[in-house]
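Per Swiss-Prot, the features are:
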- GLY35, GLY36, HIS37, ASP55, PHE79, ASP100, GLN107: S-adenosyl-L-methionine binding site (BINDING)
Amino acid sequence: MGNEFQHRTVLLDEAVDALVTRPDGVYVDGTFGRGGHSRAVLARLGYAGRLIAFDKDPRAIETAESIEDARFEIVHDSFAAMKGALDARGIGRVSGVLLDLGVSSPQVDDPARGFSFRANGPLDMRMDPTRGESAAEWLARASVQELTEVIRDYGEERFAFQIAKAIVARRAESDRLGPLDSTGELAQIVGHVVKTREKGKDPATRTFQAIRIHVNQELADLQVVLEAALSLLEQGGRLVVISFHSLEDRIVKRFLQAHASAPAVDRRLPIRAADLPRPPLKLLGRMFPNDAEVAANPRARSAVMRIAERVAP
């Protein structure tokens with residue numbers, strides 16, 4: 001397979017250092033991508049260690065299948081299927097779960113995948129192009145209200161209503177102009193609506209992010225996998241999550257904080273702190289790429305990595 005679209009793994013050493021606590025453990029890479037984290041984890045594991053990786057992208061699966069290592073297995077599915085997939089393999093507990101969220105550089109850089117507003121391509125945006133509804137198919141049927149809600153909530157775009165109306169107006173011209181099915185035309189529509197400019201950011205950035213998140217159910221899947229990871233982690237096991245925008249990070253932060261805090265109790269009740277159940281997680285902090293990594297890989301700029309450890313059985 002060609003490697004014309006390269007991917008630089010963000011926070012590679014930092015993530016693996018945080019994740020791997022014992023070489024003979026079972027680990028999960030929820031987002032194989034092009035395998036940067038997985039290969040680094042395998043390098044840390046001993047003979048008895050094991051790594052199960054997940055990815056929806058068929059091209060990622062092709063890359064993973066080139067890894068000849070008996071300790072490694074790739075699953076062609078969303079990380080939201082993690083619990084069921086591990087149950088089917090007789091794995092009830094794991095030593096660590098790594099999630100590197102969002103879209104990978106090869107997906108963005110390949111115009112044929114339909115993620116990018118910088119180069120024209122088919123309006124697809126599916127991480128697995130063989131499953132589900134494409135962006136073009138969704139845009140062809142969504143109401144102004146649904147479009148507005150998605151673009152506003154997932155893109156944090158203040159011109160969401162105006163963009164939604166412009167998309168529906170263009171759709172009404174489909175008999176004359178053909179379907180809205182290219183990234184270039186969608187970016188052009190958004191650019192005509194969004195007159196203000198954020199420094200260093202294309203006006204279509206927020207809308208494309210929103211549609212991509214919706215098409216791939218990214219935030220819903222994130223909620224599912226966080227719960228799955230918590231249930232799978234053994235005592236001392238680590239959860240390491242790298243996110244790239246505020247919506248993802250907010251979900252991760254709130255989840256970790258909720259499971260690292262003691263339950264609230266009315267102070268008037270005769271209950272001691274020692275009598276309360278111990279929170280399952282301990283927060284081990286967050287990390288950001290250093291200046292050198294950002295200089296070498298500008299896409300790392302927005303990354304934040306959060307780490308938690310399971311401390312209660």
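Quick reminder: no glycine exception, Cβ is built from N, Cα and C everywhere.
Positions of the features from Swiss-Prot, shown on the structure.
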{"residue": "GLY35", "record": "S-adenosyl-L-methionine binding site", "DSSP class": "coil"}
{"residue": "ASP55", "record": "S-adenosyl-L-methionine binding site", "DSSP class": "strand"}
{"residue": "PHE79", "record": "S-adenosyl-L-methionine binding site", "DSSP class": "helix"}
{"residue": "ASP100", "record": "S-adenosyl-L-methionine binding site", "DSSP class": "strand"}
{"residue": "GLN107", "record": "S-adenosyl-L-methionine binding site", "DSSP class": "helix"}
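Here the binding-site residues are GLY35, GLY36, and the one ringed by the most other CB atoms within 10 angstroms is GLY35. With every protein chain in view, the residue among the binding-site residues ASP55, ASP100 whose Cβ has the most Cβ partners within 10 Å turns out to be ASP55. Residues GLY35, GLY36, HIS37, ASP55, PHE79, ASP100, GLN107, recorded as binding S-adenosyl-L-methionine, reach a greatest CA to CA spacing of 17 Å.
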